[in-house]
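The structure appears right after this line, and notes come after that.
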Amino acid sequence: MNTSCEPILKPTLNKYVVFPIVYEDIWKMYKKAVASFWTVEEVDLSKDFSDWLKLSDNEKNFIKHILAFFAASDGIVNENLAERFYSEVQISEARCFYGFQIAMENIHSEMYSLLIDTYILDSKEKNYLFNAIENMNCVKQKANWAKKWIESKNRTYGERLVAFAAVEGIFFSGSFAAIFWIKKRGLMPGLTFSNELISRDEGLHCDFACIMFKHLLNPPLNSVVRDIIIEAVNIEKNFLTEAIPVKLIGMNCDLMKQYIEFVADRLLLELGCDKYYCSKNPFDFMENISLEGKTNFFEKRVSEYQKMSVMSNKKDNVFSLDIDF
């Protein structure tokens, strides 16, 4: 790809300094990410193990597979950011975001690893789950799909941007919904709270990919975008309805397929394409916690995790003595 055709990819020495801000929308996303910073120490897991013991074997098996996939997937996302996106994109606003995203993906991976470490007592089983990419075919399939985009030498930045929007917006969506389903039962407060925080973060990451896509002067054709999304949808459907079917936790597999299609349609719209599936959201409990990363988790903030003053303007922080008493 001729990077000189894309301003955000064109080499410039300006990438080494942050100011002046040129891309306000991209900078705003970076500040949102910073405002949402959290650490694993802020998640209370003290009540989770007693709930874990109450789950059926099917429910435990489902959660194990989900956590195993998540524990590995954040590392794959980071590999793409470190090896490809951060070095390719030349504007400092986006590089700030990607740098911070790498830190957050590390926290996500630590969180999932800690959850596995908390629930699974047998060391051999822990090791099996920590190495899910090698040990579980269903996880390996999703990992290999993402890795092929990292390693691709002939696909454009725009195409790979769509692929990783699909990873964070589609590959994660069904699993997030399944954990929110568990929350409805009032179980596993640590798991479900961390799921709120991580799904909010990933929603922002997916939104950011869509914003970067809109800054491309020569984006991939709609047909190419659609094919990438459809491929991701089919892999995710297989993951949650065949490999580790959500019926294990009492969810309807057909409705899960519909939900994945609904999420995919929304992503297609954000990427400037028409809907492909025209599916409605079958899960009312996901209406306010869907992967939009906009008002649901940032302005409304269910978890109320936003660092003080990060999103304020300089004029909001002026000290004054002219107040009437």
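Indices start at 1 and increase along the chain as displayed.
From the backbone N, Cα and C atoms, a Cβ is placed for every residue, glycine too.
Quick look at what Swiss-Prot lists:
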- TYR112: active site (ACT_SITE)
- ASP74, GLU105, HIS108: Fe cation 1 binding site (BINDING)
- GLU105, GLU168, GLU202, HIS205: Fe cation 2 binding site (BINDING)
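All features noted in Swiss-Prot, drawn onto the structure.
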| residue | record | Cβ within 10 Å |
| --- | --- | --- |
| ASP74 | Fe cation 1 binding site | 24 |
| GLU105 | Fe cation 1 binding site | 25 |
| HIS108 | Fe cation 1 binding site | 23 |
| TYR112 | active site | 25 |
| GLU168 | Fe cation 2 binding site | 27 |
| GLU202 | Fe cation 2 binding site | 26 |
| HIS205 | Fe cation 2 binding site | 26 |
DSSP says HIS108 (Fe cation 1 binding site), in three-state terms, is helix
Whole-number Å distance separating the Cα atoms of HIS108 (Fe cation 1 binding site) and GLU168 (Fe cation 2 binding site) is 12
Rounded Cα distance, in Å, between ASP74 (Fe cation 1 binding site) and GLU168 (Fe cation 2 binding site) is 9
Per DSSP (helix/strand/coil reduction), HIS205 (Fe cation 2 binding site) sits in helix
For GLU168 (Fe cation 2 binding site) and TYR112 (active site), the CA-to-CA distance in whole Å is 16
Students should find that the Cα atoms of TYR112 (active site) and HIS205 (Fe cation 2 binding site) sit apart, in Å rounded to an integer, by 18
Rounded Cα distance in angstrom between GLU105 (Fe cation 1 binding site) and GLU202 (Fe cation 2 binding site) is 9
